[in-house]
Each structure stands twice: as structure tokens, then as C-alpha cells.
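Feature annotations, courtesy of Swiss-Prot:
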- Cys24-Cys42: disulfide bond (DISULFID)
- Cys35-Cys59: disulfide bond (DISULFID)
- Cys63-Cys74: disulfide bond (DISULFID)
- Cys75-Cys80: disulfide bond (DISULFID)
- 1-21: signal peptide (SIGNAL)
Amino acid sequence: MKTLLLTTVVVTIVCLDLEYTLKCNKLVPLFYKTCPAGKNLCYKMFMVATPKVPVKRGCIDVCPKSSLLVKYVCCNTDRCN
């Protein structure tokens, strides 16, 4: 009986913790944040004229289109931006 109860508790905990949360870098890559539900991409935005210097980083749901002035790079693994 105790084994059944313990098994039920373990299965419940595992099932409740199945939702994966993505972690994305903030502007300074030493710091990151856990993305809220629905934000399943990390992004990095930078000006086309200065591609080595990111202007903004974070979590996003859909990768924006780049323009002539601004470029976006999106990815979907932890701290990939």
C-alpha cells in the first residue's frame, strides 16, 4: 500500500513538471530570464550597420522579419541568443 502511494506521488510530481521552460539571455549574456508560457523562442536584435553589437535580447513567440536597418536572429534552445 505504501509503495502504491509513493508511486502515485512520484508520477504526479513528474507529470506536473513536464512543461519545459526556455531560458533566454538578456542584453548582457551573463544574465538570463525564464520565458513565460507561449514564448518559445529566444531572439537577438541588432542594427545592420553594427552587426556585432546586439541592441536587444529576450523571449518572443514569433520571430519578427528583419528590415533594411534591423536584423533579428531567433533560436529555440536555452541561452542560444
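Cβ coordinates come from backbone N, Cα and C, glycine included.
Known features from Swiss-Prot, placed on the structure.
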residue	record	CB count, 10 Å
Cys24	disulfide bond	24
Cys35	disulfide bond	19
Cys42	disulfide bond	26
Cys59	disulfide bond	22
Cys63	disulfide bond	14
Cys74	disulfide bond	16
Cys75	disulfide bond	15
Cys80	disulfide bond	16
From Cys24, Cys35, Cys42, Cys59, Cys63, Cys74, the disulfide-bonded residues whose CA lies within 10 Å of that of Cys80 (disulfide bond) = Cys24, Cys42, Cys74
Quick one: of the disulfide-bonded residues Cys24, Cys35, Cys42, Cys63, which has its CA closest to the CA of Cys75 (disulfide bond)?
-> Cys42
Measure from the CA atom of Cys35 (disulfide bond) to the CA atom of Cys63 (disulfide bond) and give the result in Å, rounded to a whole number.
-> 15
Looking at the disulfide-bonded residues Cys24, Cys35, Cys42, Cys59, whose Cα is closest in space to that of Cys74 (disulfide bond)?
-> Cys42
